[in-house]
């Protein structure tokens, strides 16, 4: 084994996957990184095989998808793997972000790791939207029309930008070609960012549930955490297989099986479940331009999170106020997901507006307030102890 470590690639693999020192107390919430890497590999491989048979043409895109499902050997399996894999990727991504929020993984010295991760999150949302439009079904066509039309809210140049995106005066053949090219390219950029994310992580090491620097109590990644990762990966494949073989369309819309009809608007235009919270934020603001700004800021605000949290204690494990606010935020995020799937009518509009206000208030107001209260109490306690002594 020592001789093999002389090879640069083997040595690199050994440093990152075998001998990497990890805190001895991390739990299963730290397994989502390996799960995300697994699902990303599935998405790239299944996407490459789908691209071999998909035709990015307005009149042929839907037919090519049907050809994959009906005539390509195991084409149905590849497509369902790709569609279901997208849902799993976002589920793991949201859980990964939630773990980072709860345990303060965005704090120094891991700010760069968090920043790269947020960039991955944004590109993943963009990639998912582009893939959503490619089947050219009734929902994907009108979804592409509505979302790309949001660019027209930009003053002076909005309408020109929309026509530039479309390559014409509506969603057409040029649009599908552009979206297909970008959808094929972006996963490789995400993979490169994921490697950068891992390099930045290993520079300072993983965080831990206690929120303290655990350099004095670390153990090698193999076999301890390597086996632990494999356990959750095997569990994922079991659940993944059950959904693919028994409930492959459980998360899809019925209009996805209908070809695009530019002359007929569907009853409701609803994106995939993992985009619903941001869709709800978009719809909660009547003004088109401000709605678009709010939707993008809901993602980009994660970049500023390290600046908004100035608490002496990293994470919420030992902070009752921070813990309560965190679970309120999670409940609010699930509520936004629910509201995004509903029609624009009373009482969903009002609920969506209040949920959107709380979403931004959590980052801009409640996190700094929680930090201020916690720091004040710690300072008062320290002063009282010094006086007592």
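Just so you know, glycine gets a Cβ as well, placed from its N, Cα and C.
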Kindly point out the range from 264-284, 348-368 that Swiss-Prot annotates with transmembrane segment.
348-368
Choose the correct range: of 32-52, 53-73, which one does Swiss-Prot annotate as transmembrane segment? Give that range.
32-52
Would you mind sorting out which of 82, 96, 183 (the binding-site residues) have a C-alpha within 10 A of the one on residue 202 (ubiquinone binding site)?
none
Under 8 Å Cβ to Cβ from residue 197 (heme b b566 binding site), same chain, six or more residues apart: give me those in sequence order, or none if nothing qualifies.
113, 116, 117, 120
Result, the transmembrane segment (289-309) in contact with the transmembrane segment (32-52) (3+ CB pairs under 8 Å):
no
In sequence order, which same-chain residues at least six apart have a C-beta under 8 angstroms from residue 96 (heme b b566 binding site)?
32, 33, 36, 117
Identify, in sequence order, the residues in the chain of residue 82 (heme b b562 binding site) that are 6 or more apart from it along the sequence and have a CB within less than 8 Å of its CB; answer 'none' if there are none.
43, 46, 47, 50
Contacting positions for the transmembrane segment (179-199) when only residues 6+ beyond its ends and CB under 8 Å are counted:
16, 33, 36-37, 40, 43-44, 47, 51, 54, 56, 113, 116-117, 119-120, 123-124, 126-127, 130-131, 133-134, 144
